[in-house]
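> The structure is given below, and queries will be raised subsequently.
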Amino acid sequence: MQRLAPALRQDNVPLDLISLIKTILAATKEISFRVSQAHLGGLMGSTLDENIQGEVQKKLDVVANELFKDILLESGFVRAISSEEEDTSVAGDQNGKFVVSFDPLDGSSNIDINSLIGTIFSIHEAIPDMDAEDPGQFQQQGNKQVCAGYVLYGPSTMLVMTTGSGTHFYVLDRTHGGYLLVERNVQVPKDTQEFAINMSNQRFWQEPMQNYINDLVAGDTGPRGKNFNMRWIAAMVGDIHRVLTRGGIFTYPADSKKPEQPYKLRLMYEANPMSFLIEQAGGLAMTSTGRIMDIDPTDIHQRVEVIMGSSNEVEACLSYYK
Ligand code: AFP
């Protein structure tokens, strides 16, 4: 099996980006270890703090964020970072060529039940001549990402990453301590009979999504003429990993549960990187009105509607909005 660096060189990834990716992965190896030892190391449960989004921070959220932040800011490769757990962007090295957005531990509610969690990251080139302190560094569309990926801390620690030449799977080999390429150019099947949505929000969805899901649930007795199964891991990393592995549609649609917050998922460190991975694997990543990666970001924590996965099923869903 091929090691990470030669696999990246095969895709003509520039050396400075390879160095940054290796830095990110050094942090994920440490997080993987801490996750596996969380119960033994007193890292289960919550802190007394909330992040800027009003979510209670888990102890592991804080540890993972500090690890990621420190290693990136000390690397010299990074002009600025933005994280789910930081109020604002944080300046790095003014000569750093890249900016990195990340969710250090996605699926925090799964920590205490020993279920799937992961780290999501998205890399853009820094805007030339823009100050490291300027949050405008992060106002770049998803289609300008030079790399995106996640590391899933599951039964095996897996890296799923794209640099724009397909989406590839790697597994952390603990015998030599590096990530090995296990699957190149993963493809999301165009058709599926599996959907992922938090059904408890059904009454808050807009009518097109209500109608679409009703038709899926009707199965072979309804207009779709086939049965669908449902899965919900409550961690986007887990749900998207399943979609990349065997197809499916994943959606977190607009809802009116909290009228001041119609969307749940964050554009910069959840939707954009996952969109890059899904599109590079032949899937679609959309809102009900357009492509996620074409959105002009206005805030590092902005939220967005997400409908992504198997291309024919995403098209089928979007047809209800027309
Ligand atoms: P946190 O990691 O911030 O707790 O949230 C995870 C997440 O943003 C995403 O990974 C899941 O798909 C989604 O929330 C789960 O949402 P529900 O709480 O509605 O199940």
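Quick reminder: no glycine exception, Cβ is built from N, Cα and C everywhere.
The shown structure was predicted, so the numbers you read here are calculated from the model rather than taken from an experiment.
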> Determine which of Glu194, Glu207, Glu260, Glu270 appears in TrEMBL for the same Mg(2+) 2 site as Asp103, Asp106.
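TrEMBL lists Asp103, Asp106 binding Mg(2+) 2, and from Glu194, Glu207, Glu260, Glu270 it also lists Glu270.
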> With Asp103, Leu105 listed by TrEMBL as binding Mg(2+) 1, identify the candidate in Glu84, Glu125, Glu133 belonging to that site.
Glu84
> According to TrEMBL, Asp106, Gly107, Ser108, Ser109, Lys264 bind substrate; which one of Asn12, Asn185, Asn198 is listed for that same site?
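It is Asn198, as the record lists it for that site.
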> Measuring Cβ to any atom of ligand 1 with a strict under-6 Å cutoff, which of the binding-site residues Asp103, Asp106, Gly107 qualify?
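If the test is a Cβ under 6 Å from any atom of ligand 1, the answer is Asp106, Gly107.
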> May I have the list of same-chain residues other than Asp106, Gly107, Ser108, Ser109, Asn198, Lys264 whose Cβ is within 8 Å of the Cβ centroid of the recorded substrate site, in sequence order?
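Those within range, site residues removed, are Asn110, Ala234, Ala235, Met236.
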> For the domain 'Fructose-1-6-bisphosphatase class 1 C-terminal' (188-321), what are the DSSP-based totals of helix, strand and coil residues?
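Counts, helix then strand then coil: 58 helix, 23 strand, 53 coil.
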> What mean pLDDT score does the domain 'Fructose-1-6-bisphosphatase class 1 C-terminal' (188-321) have in the model?
98
> For a quick check of packing: other C-beta atoms within 10 Å of the C-beta of Asp106 (Mg(2+) 2 binding site), how many?
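Looking across every protein chain shown, the total is 28.
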> Determine, to the nearest whole angstrom, how far the Cα atom of Lys264 (substrate binding site) is from the Cα atom of Asp106 (Mg(2+) 2 binding site).
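Distance (Cα to Cα, whole Å): 13 Å.
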